Every structure is written in structure tokens, then in C-alpha cells.
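Peer 1: Sending over a structure as C-alpha cells; questions will come in a sec.
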Amino acid sequence: MRLRRAARIILIGAPGVGKGTQSERLLRRFPQLSAISSGDLLRHNVKHRTPLGIKVESTIKSGGLVSDDLMLRLISNELHQRGWIFPAHPDGHVMTLASAAIGATTEPGSSGSGGSPATMDAETAAFLSSPAHVHGHAYGPPRVNEDPSASFLLDGFPRTAAQADRLDEIVPINLAVSIRTPLEVIIERISGRWVHEPSGRVYNTSYNPPRVPGRDDVTGEPLVRRADDSEEVYRARWERFRETSEPLLEHYARKGVLWEVEGMSSDEITPKLVREFERRFIE
Ligand code: ATP
Ligand code: MG
């Protein structure tokens, strides 16, 4: 199966709606796709105590949103790193600074949310938290890699209309998937959620259990509960989603790229998503 054009997809949905699960399934089915999960990237930084991680830890713990500025730098850096966008100028600041720092652990164009996110050192973190030189705009907006192999899926970013506006300046999204599941169903599901932290793989004790309880299917490593899956923090995350999702959906509806999919379970949603992806992107 070949891609007709570069797919640039974002997933929008309430916390726990199963964005990570859908992302993983799409990647498995379409190996040409790669994914960035903003939550996984942030958690990776928190876990490894990078300056960026330390900066965002309390926000994540309380179910708040990390600042748009920081998120944008983090994601645009990752887009550069994977070769999906290029700086307008070969000496663009983002490329020189960021690739020196992050490139050590991420191969440009490496695929899959399966690989762990880039490790960030102090230099990168300092760059990401400095106000200047956001995505190389000193030289104008970056160029977009139009090759179908530069297809990607963003899970968890953009999350606000402001983030979407700024992402548009870097790379145009051609499919925004809004995943909808009733809140009661999601809350029930969150209580059984276990994750494999290094890869971001998600399991659920009732819907999608690991083959060996408490262990990742692929690596056999232990699964953990996410710190922000407690009922209280979940409520705060839901509240943030409720506030920000409507303008975000409107943003993509106006662009004509919004597609909504509903279901009570991930298993119900996946085939619909796969069909739509094939219809839009497969030759
Ligand atoms: P799920 O992964 O179950 O769909 P979620 O969307 O709430 O749930 P993540 O996407 O993993 O979870 O994000 C976890 C936390 O990371 C968020 O609560 C928020 O604090 C921070 N975060 C992630 N993406 C963004 C973003 N685009 N803007 C601001 N904060 C973000
Ligand atoms: Mg997620």
C-alpha cells in the first residue's frame, strides 16, 4: 500500500479517549506513518529530569496545560529533527542548535512512536525555554517536506486554537480527526489503564489487557499507572479539554479538514479510522 501524498494528521479527543491507542494501531497498519505524542514527549522529559521536564512537571501533575510557547518549540523541534520540515535557511537557528543537541539520540526521519522520544540535554532545554528564534522565523517560515514518506500523526498537539494557529505557520495539517466517546465510558476506562512508559504503549485491564498481567507485550518490561490518571487530576484534565476543544475543532472545520469519528470503544473506532485514512491517502 502506497501513500498518494504526505499525510499530516492530528488527533483531537478528550483525555483518555484512546488517541494513543488509535495512533499505535494506525502506525502498525501503515508503517509509512510516524507519530509524535506530546504527552509521551513531556513525560519522557519529566522522567529523565531534563530542565524542560522539571519545568513542566507540576503543570502535568495537576492536569493543567503546558504553555503554548513551550509546546510549540518542543514540537517544531521534533518536526525538524525527524526531517518533516526544513529551515527556510540552511543556517536556521533551530537546525543548528537543536540538531546538535537532540540529534544524538534521534535519527532524522526515524519512524514510529515505538521508538522512545528524543532525550534532551541542557543545551536543548535552554534553547527550548528561550524566547528567541522560534522555528527559524528569523529566515521566514520553514519549508515542508512534501514527500509521502514525511507522513506523520500528532497525538495531543495542537490542543488549543492558539497552538493550531502557530502550527499552521509551520506545516499545514490535512486531516484533523476528532475522536468522540461518552465521558462515562472514558472514566470507567481510565481506571483500568496501564502504560509502558518507554514506548507509550497503552493497555486496559478490561478492554485490551497485556498478554502477561503487568507486563508490556513487546519488551516484557513492567507497566505503570500514569500519575495524572487519578480521578481528581482526570477531572482537571477533562475541564481543560472542555474549555479548549471547541475553538480547536472550529479551527479545523473552517480549514475543511475536520473529520469526526464516534464509538464506545477503541475497537469500534479503529476500522472507521483506517477506512477514512485509506480513502484519503492510499493510492
Ligand atoms: P490521553 O493520552 O489519555 O488521551 P491526555 O490527552 O490528557 O490523555 P497527554 O496527551 O498524554 O494526555 O498529556 C498529558 C499532559 O501533558 C496534559 O495533561 C498536559 O499537562 C500536557 N500536554 C500534553 N500536550 C499538551 C499540549 N499540546 N499543550 C499543553 N499541554 C500539553
Ligand atoms: Mg495520550
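Backbone N, Cα and C atoms are what each Cβ position is placed from, and that goes for glycine too.
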Peer 1: Among R5, R193, R275, which is the one TrEMBL gives for the GTP site where G16, V17, G18, K19, G20, T21, V202, Y203, S266 also bind?
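Peer 2: It is R193, as the record lists it for that site.
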Peer 1: Roughly how many Å lie between the Cα atoms of R226 (AMP binding site) and G20 (GTP binding site), rounded to a whole value?
Peer 2: 13
Peer 1: Rounded to a whole angstrom, what is the largest C-alpha distance between any two of the residues S38, R43, G64, L65, V66, G156, F157, P158, R159, Q163, R226, R237 that the record assigns to AMP?
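Peer 2: Answer in Å: the longest Cα-Cα distance is 25.
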Peer 1: Taking DSSP states H, G and I as helix and E and B as strand, how many residues of the region 'LID' (192-229) are helix, strand and coil?
Peer 2: 3 helix, 12 strand, 23 coil
Peer 1: Do any residues of this chain, six or more beyond the ends of the domain 'Adenylate kinase active site lid' (193-228), have a C-beta under 8 angstroms from a C-beta of it, and if so which?
Peer 2: 16, 18, 20-21, 24, 37, 40, 43, 47, 60-61, 63, 113-116, 234, 237, 265-267
